[in-house]
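Taken from TrEMBL, the feature domain 'Phosphoribosyl-AMP cyclohydrolase' applies to A:47-122. Marked as Mg(2+) binding site by TrEMBL: A:ASP94, A:ASP96, A:ASP98. The Zn(2+) binding site annotation in TrEMBL covers A:CYS95, A:CYS113, A:CYS120.
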2 protein chains.
Amino acid sequence: MTADRPLFPALASKQEAEGGAVLAPRFGADGTITCVTLDADTAEVLMVGHMNAEALALTIETGEGWYWSRSRGELWHKGATSGNVQKVVDLRIDCDQDAVVMTVRVDGHGATCHTGRVSCFYRSVPLGQKAADGPVRLVDVGGERRFDPKDVYGKG
Amino acid sequence: MTADRPLFPALASKQEAEGGAVLAPRFGADGTITCVTLDADTAEVLMVGHMNAEALALTIETGEGWYWSRSRGELWHKGATSGNVQKVVDLRIDCDQDAVVMTVRVDGHGATCHTGRVSCFYRSVPLGQKAADGPVRLVDVGGERRFDPKDVYGKG
């Protein structure tokens with residue numbers, strides 16, 4: 001899938017990006033846009049990931065969630081190892097085309113977070129504190145756990 | 001609010017970030033983390049923004065949405081100009097502490113997007129196309145519009 005030309009057209013102008021009907025993602029300095037992944041049934045935010053041009057193109061083409069793993073520096077077919085493949089039911093892009101919201105149904109045991117939880121956002125930040133006054137303590141708000149990561153080899 | 005020491009502690013380890021009860025955000029190369037902003041009543045994703053340490057600290061302290069505007073290179077109290085201040089009802093951080101999900105109620109006329117729409121995610125990307133075959137056409141899925149940006153001076 002190494003293209004001789006870019007997979008997506010370049011952005012002609014801010015106006016065209018916002019009003020236009022052509023997908024022309026504005027990839028950042030690291031070559032990615034932000035992807036917010038939602039659960040189709042609960043509307044919960046499952047994770048925030050990153051897509052380079054190839055990951056976005058594969059997501060559109062296959063209807064499954066592909067990302068660029070910044071930590072591993074490689075293309076990442078989410079769930080390829082764990083079985084928790086993300087079946088995309090809706091994909092949206094924002095006004096300036098540097099972020100997508102992807103609504104999915106998760107295959108397998110349904111955990112998205114590598115800690116075994118359904119969602120990566122399992123801790124709440126209490127409001128009303130001054131950070132400069134000392135450490136802000138997080139509150140574990142649960143987050144359903146589908147497996148114990150100690151039992152799982154690999155990640156994906 | 002220029003602190004002599006960092007507003008948040010540094011991350012000791014991946015394990016501590018994931019299991020720990022201390023807020024220790026992992027700011028990226030540009031000094032920000034990603035913020036996904038949700039509507040408290042509809043659960044809709046309103047916008048994706050970025051927070052530097054000061055914006056995150058101000059959000060926690062004041063309970064209103066503050067961001068770092070990467071395009072303008074300045075701290076951004078969302079709604080300070082337009083009246084659409086974001087009152088935070090819940091703030092969560094993800095496993096590796098480089099993204100937050102912020103649930104808000106929006107004051108004023110309630111538009112979050114500078115195009116006048118309630119949400120920035122007003123266009124859908126149809127699935128099943130090969131990007132390499134040609135431009136991917138976006139579908140306008142509406143998105144309620146609260147004002148005409150031509151009538152509005154300034155942004156915020």
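Glycine too: its Cβ is placed from the backbone N, Cα and C atoms.
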If you draw a 10 Å sphere around the Cβ of A:ASP96 (Mg(2+) binding site), how many other Cβ atoms fall inside it, taking every protein chain shown into account?
18
A:CYS113 (Zn(2+) binding site) and A:ASP98 (Mg(2+) binding site), distance between Cα atoms, whole Å:
23
Taking the Cβ of A:CYS113 (Zn(2+) binding site) as reference, which residues of that chain separated by at least 6 in sequence fall under 8 Å from it?
A:LEU46, A:MET47, A:SER119, A:CYS120, A:TYR122, A:GLY143
Per DSSP, what is the residue count of the domain 'Phosphoribosyl-AMP cyclohydrolase' (A:47-122) in each of helix, strand and coil?
10 helix, 31 strand, 35 coil
Intrachain C-beta neighbours of A:CYS95 (Zn(2+) binding site), sequence separation six or more, cut-off 8 angstroms:
A:ALA17, A:GLU18
Among the binding-site residues A:ASP94, A:ASP98, which residue has the fewest other Cβ atoms within 10 Å of its own Cβ?
A:ASP98
